[in-house]
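Single-structure report; data block below.
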Amino acid sequence: NHTEKVGRSNYTTVTMFILLGLSRHTELQILFFFMFLLIYTITIIGNSLIIIVTVHPSFYTPMYFFLRVLSFMDICTTSVIVPKMLVNFLSQDKSISYIGCAAQLYFLIFLAAAECYLLVAMAYDRYVAICNPLRYTIMMNRRVCFSLVLLSFLTGNVVSVVQTAWVFTLPFCGPNKINYFFCDISPLLVLLCTETSLYEIQATTTTVLVIFTPFSLILLSYIFIISRILTMPSAKGRYKTFCTCSSHLLVVMLYYGSGSLIYLRPKFSYPQDAKKLLALVYTTITPMLNPVIYSLRNKDVKRILRTIMRK
């Protein structure tokens, strides 16, 4: 019994949620367990290697500093989601406590919003490196880099506190089954027993601030970057310069694309199975692919990785 009576009325409040997961077909649970265990293992190993490799003295540049932070955040994001998924694949008890659900939502929004703004910092770094190379060391000194990362974390924390507090101060009075594989805004809104139109407006506004505003800044940075690349006389120089940005562009498209499709209209818009698939992209697939994307395009990273593997 995951609800309890409040006062003398028939009103009940939810004390625990049930995560229905990716599929209700029991025969798929073992397959999903091993598949996501593999994805989680690759994510942890890949991002850990990126952190270890870029600690090398030859990688003491702002670009690799931001990449280390991104890898750390990717490890944290998957660790918020996947371990609970793995347990639920093998367990009959798929419950999550009220506090646990709130904590999962808080950390997910915090990391997602912080990563959105970290990607802006990485785009700004590329803009300065390409468009203002002579002033790069001054404009992207250590203090500036740490400030940009701190600002990303502070922004993520503020957004997460507001969103989580808003959702969990509204009444959940049953049912308590979440048709999702983690506690997220859109499936929780369906369970609220109150009018949610005001919250949907607030959530859409937050989406614009957290997703479209950073994306617009990234787009603006790349407009200047592409304009600068086109003025380069050497085709080889243009190709080499663009390659330094292509990894970041691919990550941006994967992350912002899936996130915006889910959170632009939080309660409705897509079938639930489609939302689950999109959520998998930014919570599990993108963190797994990020190390591959960045290492394949970087000869120095591949060189150090080969050295580590030989050792």
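Cβ atoms are placed via backbone N, Cα and C, with glycine included.
All TrEMBL annotations are machine predictions without curation.
Here the structure is a predicted model, which means the values were calculated and not measured.
Copied from TrEMBL, the annotated features are:
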TRANSMEM  30-53  transmembrane segment
DOMAIN    46-294  domain 'G-protein coupled receptors family 1 profile'
TRANSMEM  65-83  transmembrane segment
TRANSMEM  103-124  transmembrane segment
TRANSMEM  144-168  transmembrane segment
TRANSMEM  207-227  transmembrane segment
TRANSMEM  239-257  transmembrane segment
TRANSMEM  277-296  transmembrane segment
Could you check if the transmembrane segment (207-227) is in contact with the transmembrane segment (65-83), meaning 3+ Cβ pairs under 8 Å among residue pairs at least 6 apart in sequence?
no
I need to check the long-range neighbours of the transmembrane segment (277-296): which residues 6 or more away from its ends have a CB within less than 8 Å of a CB in the stretch?
36, 39-40, 42-43, 46-47, 49-50, 67, 70-71, 74-75, 77-78, 81-82, 108, 112, 180-182, 184, 247, 250-251, 254-255, 257-259, 261-262, 270, 302, 305
For the transmembrane segment (144-168), name the stretch out of 65-83, 103-124, 239-257 with the most CB-CB pairs under 8 Å.
103-124
Quickly jot the same-chain residues contacting the transmembrane segment (65-83) by Cβ under 8 Å, restricted to those at least six beyond its ends, or write none.
36, 39-40, 43-44, 47-48, 50-51, 54-55, 104, 107-108, 111-112, 114-115, 118-119, 121-122, 125, 145, 148-149, 181-182, 283-284, 286-288, 290-291, 294
What residues elsewhere in the chain lie close to the transmembrane segment (239-257), defined as a C-beta under 8 angstroms and at least 6 residues from its ends?
115-116, 119, 122-123, 126, 129-130, 211, 214-215, 218, 222, 225, 229, 232, 281-282, 285-286, 289-290, 293-294, 296-298
Take every residue in the domain 'G-protein coupled receptors family 1 profile' (46-294), average their pLDDT values, and give the whole-number result.
86
